[in-house]
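Noted in TrEMBL for the protein shown:
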type     : residues    : note
DISULFID : B:C26-B:C60 : disulfide bond
DOMAIN   : B:27-100    : domain 'Ribosomal protein/NADH dehydrogenase'
Amino acid sequence: MSSSSSSATAGAAAVVSSTPAGPNMVEVFVDGKPVMVEPGTTVLQTCEKVGVQIPRFCYHDRLSVAGNCRMCLVEIEKAPKPVAACAMPVMKGWNILTNSEKTRKAREGVMEFLLSNHPLDCPICDQGGECDLQDQSMMFGADRSRFTEGKRAVEDKNIGPLIKTIMTRCIHCTRCVRFASEVAGVEDLGTTGRGNSMQIGTYVEKMFMSELSGNVIDLCPVGALTSKPYAFTTESIDVLDAVGSNIVVSTRGGEVMRILPRLNEDLLKYENILSPFTHTHAQLCHLKTTDFIQGSEVGAIAGGMVDAEALVALKDLLNRLDSDTLCTEEIFPMAGAGTDLRSNYLLNSRITGIEECDLMLLVGTNPRYEAPLFNARVRKSWLHNELQVAMVGHKVDLSYSYNHLGETTQVLQEIAAGTHPFCKVLAQAKKPVVVVGSSALQREDGAAIFKAVSTIAQNSRASSGVEEGWKVLNVLHRVASQVAALDLGYKRGVDAIRKNPPKVLFLLGADADCITRADLPKDSFIIYQGHHGDVGAVMADVILPGAAYTEKNGTYVNTEGRAQQTRVAVTAPGMAREDWKILRAISELAGVTLPYDTVDEVRRRLEEVSPNLVRYDDVEESNYFKQAHELSKAVNQSLLAAPLVPPQLTVKDFYMTDPISRASQTMAKCVKAATEGAASVDEPSIC
Amino acid sequence: MAAAAVVRGIGSNLSKNLREVRLHLCQISAASQGTRDFIEQHYVTLKTANPEFPILIRECSGVQPVLWARYGFGKEHSISLDNMNADQVAKALESVVNAKP
């Protein structure tokens, strides 16, 4: 080939690939086009680099290689047999023919075999239209069938209320098996039997009990594993935990039917879709109120799923009425630097930092159920990068092994003081990371816990000699709106309200039952604005229907400090409106009209308060750890003896933790199944 | 240092007229160097003297350094700290502390 001679020289500029020629690169040809790759790259990855997609079923770039579907067979020039592209590493000088006669024949043959036992379910299959088998048979399959035999059928398995299984459609790619074993850490799925009688399942009737179980629905290339509650689309982010996982929300009519993951390398690769749900909005009345009071007589509490636009509108409204009593439900220690310095309350190492660190200390958190995707990353790092994990807190199953140091605050104190044996391990870590869970900071001694954690972080940073840019101290939040509220300057926890009970209390999506009527003066007036009123709406005098996160363009900041946007997936039902618009309307009635009319103007205001709030999809570095630590040293609180127990311990605690999931029938089924077994959940018998 | 004297002068009076102070700065630009120095050297003193007062420090790449002061009834005032040194930043802070809304 004439082009091959030009790339025989060291410079790789002649080639499509963007990586510079390293010392060990291997030259390979894809359909005659030369490409330089690192040794160990597989044929499939090499072709992808050039832009040629090789069809496959069992290969997934986040799972281990299986090579059992054989759809990726390609011909190598002058080789006697085609090779499985997903598994075969390239050798120097190979010419990979991705569209030759032999390759095409191989694909047609594999397709024929796969379809021979596959049922004719396309018209009734949920996967129709997004089915890999359909797409690849159109592109690579033969146009006529030679099949005159009978097909085999397989019994359906019950693996829980979220995953519908029609195992007859299974093509045994084993993606679900590998996912369960590698990523989720629960080795429940496997293959039994061989040849024609091979079946994928749990063998004994067992629920696939993992917080990541819903992901197999997305992984399965055919309609064997589909979503039980289910069905159509826009892109958004998930606000049911503070990781802000990127999702695609599928809707039909006015209801959210399912949630799919969206790829965002920096955050995570698998989204937790254990939250497909349907909204059931009750009829909410919309009353007008024109009497307003001022100053410390008015206060507000913001709940866990409020977007930044609403938070700033509420703050501006109350500030203009001369009130500073704006609180979040979730507590964060006020002492020391508090929330002045962002580095005090963010996951500073970021989620990508997990893959670089070599020792992680978890304090008072169960990341498996508080932030499952964070946990999946830790597990990945534990599997592939030899990450050591240690935990101070209640012993829980994290899906990977870790060094359990104890659950008492005594242990924490000893590590901070340098007297615990673990300190030696910590001192030797090259890139240590300390993560404290927000639930530990909710305690009365939260400030003391934070002080201890800060000390541990500073000490291990000093002893590791790691470079200036590496951050050790991290806070793992559980509540989606918390970071934005802290960025905007909200007070943390409702103490301010308890100390000075206001006459008028505004509850913005606040359903955690922090303040009840009993805490307020006799004739107090409570306004609740939100989308799923449970506790908050019940005690309110006025209920204003707001929009949920899938129904508005809102800004949320995740636990890393990354601002992201949600988009409208469904229109808000009934008379519900976007939260900031309601607040803007109220401000007019109260005579303190807020100076913004469009969402862009609100965002400009957000920028005036904290510019990182409009830096979408980026994380801004925050510093001044030394200053924060100095201030925390002055904190004079002592640790309580109570052990550090996070609120979510087992999988049945995972499903109903916020007003949206508490209102969901599917989540209720999940809790029932987790407590009583899969057979206890009554399912309709339609396929 | 002049800044230290100013900070001592402010003492615990941050909350006299103000409700909230915000400092916007860039983590690396030269224009924000003075603001960064001010925080590095004097934030702890200021906060120790005013433990309950919110001094929100919000770093964001590429922004112009600004001091925002919020008074009662939501009135806000901003001062650009572009290219100021730590002493000048301290003086700017002093001016908003003493200003009547």
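Placement of Cβ uses the backbone N, Cα and C atoms for every residue, glycine included.
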For the domain 'Ribosomal protein/NADH dehydrogenase' (B:27-100), mean pLDDT (0 to 100) = 91
Message = Treating G and I as helix alongside H, and B as strand alongside E, what does DSSP give for the domain 'Ribosomal protein/NADH dehydrogenase' (B:27-100) in helix, strand and coil?
response = 36 helix, 16 strand, 22 coil
Ask   = Near B:C60 (disulfide bond), which residues of its own chain have a C-beta under 8 A away, given they sit six or more steps off in sequence?
value = B:H24, B:L25, B:C26, B:Q27
